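Structure, as structure tokens:
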């Protein structure tokens, strides 16, 4: 097989070069998989710098696409494992990086494949497809697979992740993420920095794992999702299904929250409420 010189030397800053490569490989960017290419080199560099890769660290990249970020990451890490669901992109990645000793390509859906890989990794990186970003983050938390992560996501989702108590964006997802990670906003990215240009702005976030005191994650997650599904209701009207012992309601700590709505309760307070309810089970 004769490899295409153009495809092997993609100018990631050039829409013309990207278009030509896609045309050559008969690839049409798929919205379903968030196939928008970041064409601003300085932004790419800034995002990678935020990973702060140390010597000997092992990195996972979810959805490398044409390999713009992959190319930079491979210069900084001893081992990069890339998960790519699109077989046509996998072919390009293999051609460009397959002979490098520090590159490993996993073909298929990250959520279905990652458990089969060596879990001894240090950091995870991705420009996450907008439609699955919350699913990926939630799944990693639910599986207690907590690593330092840098993700670029839809700004609307980032606003929920970084939301403060008493704000409209404060949600169950806010509580889920902030209970497990310190969240740092790296930068906002305008639509014109991508090809094809998405209809929404993007934001890059850094998630750093932190310790918490959640006694029963399953019950905590269920509690938070339930009360936020009725966010205009006061807590006393939504936690009734979690109370198996009426003595729970006499807890002085719990009493002060019964007349509050979920957006008025902090992440740490949700943890304490969940632990209190769990103690009476």
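Backbone N, Cα and C atoms are what each Cβ position is placed from, and that goes for glycine too.
According to Swiss-Prot, the S-adenosyl-L-methionine binding site annotation covers 36, 38, 63, 84, 109, 127, on the basis of sequence analysis. Taken residue by residue with DSSP, residue 109 (S-adenosyl-L-methionine binding site) is part of neither helix nor strand, so it is coil.
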Residue 63 (S-adenosyl-L-methionine binding site), number of other Cβ atoms within 10 Å: 22
Sparsest-packed among the binding-site residues, when each Cβ's other Cβ atoms within 10 Å are tallied, from 36, 127: 36
